[in-house]
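Okay, so here's the structure we're looking at.
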Amino acid sequence: MADVTGFPEFQSGMSLTSVERAVSEFRAARPVLVLCRDTAVLVAGVEGLEAPLAAALSHAAIATPRLVLPAARLRRLGLERTTPGSVALPTIDLKRIEQLALQIEAKVDAPVAPVVPLDETALELARIALTVPAVLVVPVNPADPALGFIERVQAVDVASFRSQAAKHLRIVGRAPVPLEGAPETEFVVFRGGEGLRDQVAIMIGKPDVSAPVPVRLHSACLTGDLFGSLKCDCGDQLRDTVEWMAKNGGGILLYLDQEGRGNGIANKMRAYKLQSQGWDTYDADEVLGFDLDQRRFDFAAEMLKQLGITNVDIMTNNPVKIAAMREAGLHVVSERRVIGRPTRENVRYLASKRERAGHFIDTDALVARLTAGE
Ligand SMILES: Nc1nc2c(ncn2[C@@H]2O[C@H](COP(=O)(O)OP(=O)(O)OP(=O)(O)O)[C@@H](O)[C@H]2O)c(=O)[nH]1
Ligand SMILES: [Zn+2]
């Protein structure tokens with residue numbers, strides 16, 4: 001007789017699910033209890049942190065709470081740092097937290113301690129949740145009855161979440177979607193990978209998979225892809241790639257849920273606001289606590305493998321994407337550059353990508369095109 005006492009199939013993937021639940025709580029500005037052997041901390045983001053929650057956290061604390069900040073933010077606060085650190089908070093003072101985590105001209109006002117593993121977990125939670133990377137970590141007693149209703153997650157599950165999510169990618173739907181200029185196109189939707197939504201492989205034409213297949217990894221850019229923002233070249237890159245693939249025997253465009261270089265749309269808008277005040281694309285991100293690029297591409301390589309691709313003709317200017325495909329075991333046979341139209345608003349952005357992140361972009365040629373009014 002079948003075993004009717006339990007639901008064994010529900011066990012598989014539970015560690016992923018527990019992190020997903022914790023991330024939902026965290027995004028809703030509710031604290032999460034993170035456990036590592038005998039140690040427990042409440043973790044709360046600085047976004048949405050208000051006085052009643054601050055008071056409850058102080059009340060539950062069994063040792064001094066701390067504010068954990070990433071290296072990028074500490075550099076903005078005036079320290080030479082390549083690793084995250086924490087600042088003790090004898091009282092949970094919202095104004096001081098706001099200053100240390102977000103204010104533009106703030107300087108660090110207290111000693112910065114090296115992080116412990118639970119601090120790293122707290123930052124990782126904020127990263128997965130796509131919130132501002134600044135977190136309050138409050139040591140607590142996990143048996144405290146006041147914490148009974150709070151979502152609990154194991155630190156080890158948070159730490160392995162992103163690589164697990166890459167491994168658990170699976171196709172959940174596919175259908176033909178004829179596109180203008182590329183009528184023979186199929187959309188293949190994958191669940192898993194990065195971000196909070198699904199990933200889509202757009203199969204244009206019928207590429208010969210025995211030869212190197214033209215592939216573009218395209219990170220979502222709502223403003224550029226959909227609305228034609230002049231601030232970047234994403235919309236052109238997207239449409240030009242589809243058109244090129246349709247005319248040249250087909251290819252695969254991976255549309256990846258990595259808005260804002262993996263920082264999420266809200267942080268991208270925070271960065272755009274800073275850019276409107278004169279900051280460049282990378283410095284604006286650093287003010288918010290982000291390093292150059294938060295994206296991983298291991299799951300994109302996994303999508304290609306599941307589609308039966310091993311040899312790739314990659315369409316990108318980004319050396320990190322190329323290295324990631326090689327590292328994941330794909331054979332990058334050739335490379336093509338993909339440059340959109342230069343605009344007065346995007347030329348500085350493109351130059352920064354070349355100067356700061358080593359993208360293969362000929363900015364002199366772009367400036368010449370812009371001046372010639374192309
Ligand atoms: N944080 C941040 N993200 C941005 C900004 N402008 C555009 N983006 C994001 O940058 C990403 C660009 O994606 P891609 O064009 O696929 O990647 P890329 O690194 O430029 O590489 P290639 O285009 O392949 O050469 C998208 O996720 C955009 O949403 C910005 O000013 N700040
Ligand atoms: Zn863009």
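The backbone N, Cα and C atoms fix where each Cβ goes, glycine too.
Matching Thr281, Thr310 to the GTP binding residues that TrEMBL gives (Arg216, Leu217, His218, Ser219, Ala220, Gln237, Glu259, Gly260, Arg261, Thr316, Lys321) identifies Thr281. Among the recorded positions Arg216, Glu259, Asp293, Arg295, residues whose Cβ is positioned under 6 Å from ligand 1 are identified as Glu259. Not a single one of the recorded positions Cys232, Asp293, Arg295 has a C-alpha within 10 angstroms of the C-alpha of Ala220 (GTP binding site).
Long-range Cβ proximity for Cys221 (Zn(2+) binding site), meaning a same-chain Cβ under 8 A and a gap of 6 or more residues, is found for Ser229, Cys232, Cys234, Gly235, Glu259, Gly260. Screening the binding-site residues Arg216, Ala220, Cys221 for a C-beta under 6 A from any atom of ligand 2 leaves Cys221.
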